[in-house]
Structures are given as C-alpha cells and as structure tokens.
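Annotated features in TrEMBL:
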- Gly13, Ser14, Gly15, Lys16, Gly17, Thr18, Arg134, Val143, Tyr144, Ser207: GTP binding site (BINDING)
- Ser35, Arg40, Lys61, Leu62, Leu63, Gly92, Phe93, Pro94, Arg95, Gln99, Arg167, Arg178: AMP binding site (BINDING)
- 134-169: domain 'Adenylate kinase active site lid' (DOMAIN)
- 34-63: region 'NMPbind' (REGION)
- 133-170: region 'LID' (REGION)
Amino acid sequence: MNPLRLLLLGAPGSGKGTQTSKLLNQFKHIKSVSSGDLLRRRIQQKTELGRIASEYISQGKLLPDSLMNDLVVGELSVRGWLSADSSFLLDGFPRTLEQARSLRVQLTPHNASLNLVVELDVPTDVILERIENRYVHVPSGRVYNLTYNPPKVPGKDDVTGEPLIKRPDDTSEVFGKRLKNYAETVEPLKQFYSELGILKTVSGPTSDIIFPQLLKLVVQKLHQP
C-alpha cells in the first residue's frame, strides 16, 4: 500500500472536518493534523507560540505564514511523520500560496511532500444554511449540525455531555465575508497544486454525496502501481 499525504481544501463550512472523520474511520493507519486544533491546544497550554498566536487573534490579525508552518511541521516532526513512508491528512493548512510553497520546501528533503490535494466544492447557499445550524464543543473542537449531524442529546456533546455553543461569528453576514476571502486566496493554491499534478475536485451539496467521490480518490492513491 502506498503512503497517503493528503490535504483537504474547502471553504469554511464545506465539511472538511466531517470528511476527515469519515476517512480516519475507514483507514486506521492514516492520522490527521488539524492546524486549528493545534493552535487551540497551544493557546490553552499557554506555550510561547500560543501566547504569540493569542496576540494576533485578539487584534483580529491573521497569523504569519512562518508561525503556521512552524506549528504544523513541528507537530509532524514530533509525531515522527517526516518520512517517505508516512501517511497523514492535513486539515486547515496550508491556506495560502506562501504557506504551500514553504511547506513543500520543508517536507521535500524528507521525501514527505503531499501527494494528493482534494478540493471540496460545496454550493455557497448550502454552506450558509449549515452555518446557521452549527454548534461546537469548544474544548475538543467537535462540530455538530442540527440538520446533518445533530448531537444525541440536544445541546450536549456526545462524548463528554458538556454544553455546546454557537460561535458568535457563525452568521450569514460574517460567513459571507469569510467565503469571499477564501475564494480569493484558494485560487493561487489550487493553481500551485494543479501544476504539481496532485489536485482533484469533488462536488456536491451533502457529505453523503461527496464522501464516495473522496473515498475513490484515496483508494486509487493508496493502491496505484
């Protein structure tokens, strides 16, 4: 079986987390690294990187590319995944062309560059409807949707039973701006990975329609001669 080093691209609310969970359940040898989860953990642990990140976030600024690269590559190194036979899935990073270039520079010497990038193409109106119904368990980052993926007990996290909250920025107005920003930044990223010959796109309004397409691409990559 071939190694799989996968990046999922998709607008906020496109279901990257759901697709990641489905893949990890299907392929136990593949593990994921979520830049958002890493960042939350560093902030909660009050590490030096977490402190710097908090300052940027509190000022409403995007984190520097170099900081995000150090965060993710550092985690890959700690887990022992900087090798040619490693398999992992990146969620939420890289998000910009500069991040993608820097990541490739850092992974190439280890023969651990990404070998599959899949864009989740979900209609904007579907995403905005999802956001209106989205609730999260903050400590773990688990996300629920009242329509597609409701909690077993209303308002409670399935694992801990702790309360779920609605993020203040989960509104159509705020999210519309985030979607516009994503559309502008993702095009150079797609061009970069397209030129490397590893970009694929799967389309559909729901997870159940998208996942079989994603699964097919992953299986092909794992078993290609």
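Any Cβ shown, glycine's included, is placed from N, Cα and C.
On a Cα basis, Gly13 (GTP binding site) lies 21 Å away from Lys61 (AMP binding site).
Candidate binding-site residues: Lys61, Arg95, Arg134, Arg167. Fewest other C-beta atoms within 10 angstroms, Lys61. Of all the binding-site residues given, namely Gly13, Gly15, Gly17, the one with the smallest number of surrounding CB atoms inside 10 A is Gly17.
Around Phe93 (AMP binding site), the same-chain residues six or more apart in sequence whose CB sits under 8 Å from its CB are Val33, Ser35, Met68, Val72, Gln99, Leu103, listed in sequence order. Confidence annotation: the region 'NMPbind' (34-63) carries a mean pLDDT of 86 in the model. You'll find the Cα of Leu63 (AMP binding site) roughly 23 Å from the Cα of Gly15 (GTP binding site). Across the residues annotated as binding GTP (Gly13, Ser14, Gly15, Lys16, Gly17, Thr18, Arg134, Val143, Tyr144, Ser207), the two Cα atoms farthest apart lie 15 Å from each other. Looking at the residues that bind AMP per the record, Ser35, Arg40, Lys61, Leu62, Leu63, Gly92, Phe93, Pro94, Arg95, Gln99, Arg167, Arg178, the two CA atoms farthest apart are separated by 27 Å.
Each residue contributes its Cα atom, and for Gly15 (GTP binding site) and Arg95 (AMP binding site) those atoms are 16 Å apart.
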